[in-house]
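Colleague: Quick paste of what TrEMBL says about this protein:
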- 47-366: domain 'Membrane transport protein MMPL' (DOMAIN)
- 458-699: domain 'Membrane transport protein MMPL' (DOMAIN)
- 15-38: transmembrane segment (TRANSMEM)
- 184-217: transmembrane segment (TRANSMEM)
- 229-253: transmembrane segment (TRANSMEM)
- 274-295: transmembrane segment (TRANSMEM)
- 307-329: transmembrane segment (TRANSMEM)
- 366-384: transmembrane segment (TRANSMEM)
- 514-535: transmembrane segment (TRANSMEM)
- 540-559: transmembrane segment (TRANSMEM)
- 579-599: transmembrane segment (TRANSMEM)
- 620-642: transmembrane segment (TRANSMEM)
- 648-671: transmembrane segment (TRANSMEM)
Amino acid sequence: MFALLGRASFRYRRWFLIGTALVVVFAGVWGTGVFGALAGDGFEDTRSESYRAAKAAQTVLGGRGADVVLLVEHPDLTVADPAFRQAVQDVVGTLPAADVDMVATYWTTKSPTMVSRDQHATYAAIRFAGDSSQAADTYDRLAGKVRAPAGFTVTKGGRVPLNQDINNQVSKDIAQAEMLSFPVLLILLVVVFGGLVAAGLPLAVGGVAILGAFTVLRVITGFTEVSVFAINIVTMLGLGLAIDYALFVVSRFREELRAGRDVEQALVATMSTAGRTVAVSGVTVAVSLSSLLLFPQVFFRSMGLGGIAAVGVAMLAALTALPALLAVLGRRVDALRLPGLRRREGAAEGHGAWYRIARSVMRRPILYVAVIVPVLLLAGSPFLRVQFGGVDHRALPNGVESREVAERLVADFPGGGEKIRVVVEGATPAALERYVGSLKSLDGVRGAAVAGVSGNRAVVDVAHDLDAYSSPARSLVAHVRDLPAPAGATVTVGGETANLVDLLHGIGAKLPWMALWVFSVTFVLLFLAFGSLLLPLKAIVMNLLSLTASFGALVWIFQDGNLSGVLHFTSTGTVEATQPILILAMAFGLSMDYEVFLLSRIREQWDTGGDNALAVATGLQRTGGIITSAAVLLIVVIGAFATGGITVIKMIGVGMLVAIVIDATIVRALLVPATMRLLGPANWWLPGPLERVWRRFGIRESEAAPEAAPELVPSR
């Protein structure tokens, strides 16, 4: 199949390129509109108790709550001064009545919680007309019209401004990541390939992959809600994988040309080997990301769908557009070589640095395994004390207006902290009063009061002074849920802390199924690709070791706050609960990418000679430089996104960066040779029935590359 694809891309190269150009134009015009089609964070589980409580509370309280909070302050006047009341009325009066559904101020509610402790600040809570989407459009239109009266300051916060600031930060971070990464990537690719033409090909494929993934993601928004954070993942994976895949394909193509093949033969051989590897890798990464679809949260589904789109487009671009470009360029792929960058042809087996490393490791395999495995487990040990949290305003950088408003409400206003929201249905007034009294008696509760009644439903707000994501707050939610409901009534408990409790419960319920799906399908794919039982198991264990160290780094950096000054984030004392799952799916797939590439070359050598140690050393010699180059390029892409302002994305970037660095260095260069030496010929053992299955259904190369094909190493 891959040989046929190579021939087709050569013979119909112009049609391939015309089709690619049409897709790029369409994607550039229509696909980039995805930024305006994304929703909020999507962390809620619509089947959870906390979600039901939130929806029930909305029906009782007459709406979805405030869209915008306008914080009004004066350095000298207090809210008791008539001029302060007039100033708030003037601020609210700038908003057209037709666009406003509800306005709540201190003077309309008489609630002391709407006045700061020093009496110099208050806020107006505003709900716009229409649904949440219309409210966002209204805010975009009216935000610039809000003016502060003389001597007063007005700052905007609340749900809609917070979401808008996240959207703006996402767009800013993507632009910044591309601006930082592309020049560095070009320089590194020039160093690897020694010329501008070859170096430009992976970047071109990366650009096609990003635009194509944007288009697919926008199509997805027409059928389901997509989290705003998905766009970062799509860009990161699309660019990173496209460059990696293009590096593998271009490197193998140049290698085949140097072996004396003509352009068509080189392209067929390239697609039969590197093309097959890219396909197996892409499917493996996509399978890993598809595990996120098992979770009910929009956030996970968005990341899964967006990631699959990015991987799929990157793989297709590397298997169609790139071969067509190579067919057009032919031997001109080495054109525009730069003086001083001289390509060093691959050394014969036994003379290369990677070969010597592999041989050295295989002389003492037990020692290497005995040292490296405990070190990686020790690096992961901080994860044993992980404290999970959620995403709030602190995910945004310091200085963002909506974050500042949220922090002021918590710090300066009585009752400004997070509350547990309880919805009681079917209780008599007397029973409700007794129930509220029981809530007040719970340890940690500062107060409980009925916030609203509608029909037979009542909303009770339970105030406390605990951090919403702390263990004591989660324990308090458990105590509230354990409290007996009034006779004949039902109780649902919500609020931010309850959301986190339900999220953790949902993740725990789905995690075993996620692991079963990823590990079993990965095992089958690697079995079909390499005809081995032990190698797929070894690959899974190797990847888990890399992830263990990555999870430990998450706790040490983000929970403990180490490097917060360097990475510019605010530590909340927790790790956002969804991040380990997301990093597991993404990093597991990406690590398998390098495993597939390495094992493909090892299998090539094994098939030619049957010497396990020689196959391992030769495979590492032929791939070590390329895997290292690919990892460095991917690290540049991910590292650029880790410089962004949103802590959630920064956490993903750092976690993946650590996993990939460890995987591409310690695991691939040291652990893989050591374990394969210990396993010996058992690496390739198959019982008779399974060998017949592999012979019939295995994903094998239709045309192997010449045994003496030279290896590409970075130019000096």
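Glycine residues also receive a Cβ, built from the backbone N, Cα and C atoms like all the rest.
No curator has checked TrEMBL annotations; they are predicted automatically.
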Colleague: Give me the stretch from 229-253, 274-295, 540-559, 579-599, 620-642 with the greatest number of Cβ pairs under 8 Å to the transmembrane segment (307-329).
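Modeller: Most Cβ pairs under 8 Å with the transmembrane segment (307-329) come from 229-253.
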Colleague: Which listed stretch (184-217, 274-295, 514-535) has the most C-beta pairs under 8 A with the transmembrane segment (579-599)?
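Modeller: So the stretch in question is 274-295.
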Colleague: Can you say which of 15-38, 184-217, 229-253, 366-384, 514-535 has the most Cβ pairs under 8 Å with the transmembrane segment (620-642)?
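Modeller: Most contacts with the transmembrane segment (620-642): 229-253.
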Colleague: What stretch of 229-253, 514-535, 648-671 shows the most Cβ pairs under 8 Å to the transmembrane segment (366-384)?
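Modeller: Checked against 229-253, 514-535, 648-671; highest Cβ contact count belongs to 648-671.
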Colleague: Using Cβ atoms and a strict cutoff of less than 8 Å, what residues sit near the transmembrane segment (648-671) while being 6 or more residues removed from its termini?
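Modeller: Residues 170, 173, 229, 232-233, 236, 354, 357-358, 361, 368-369, 372-373, 376, 391, 395, 542-543, 545-547, 549-551, 553-554, 557-558, 567, 569, 575-576, 579-580, 582-583, 586-587, 590-591, 594-595, 598, 620, 624, 627-628, 630-631, 634-635, 638-639, 641-642 contact the transmembrane segment (648-671) from elsewhere in the chain.
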Colleague: The transmembrane segment (514-535): which same-chain residues, six or more beyond its ends, come within Cβ distance under 8 Å?
Modeller: 280, 283-284, 287-288, 290-292, 294-295, 581, 584-585, 588, 592, 595-596, 599-600, 603, 679, 682-686, 690-691, 694, 697-700
Colleague: Along the domain 'Membrane transport protein MMPL' (458-699), what average pLDDT does this model show?
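Modeller: A mean pLDDT of 90 is what the model gives the domain 'Membrane transport protein MMPL' (458-699).
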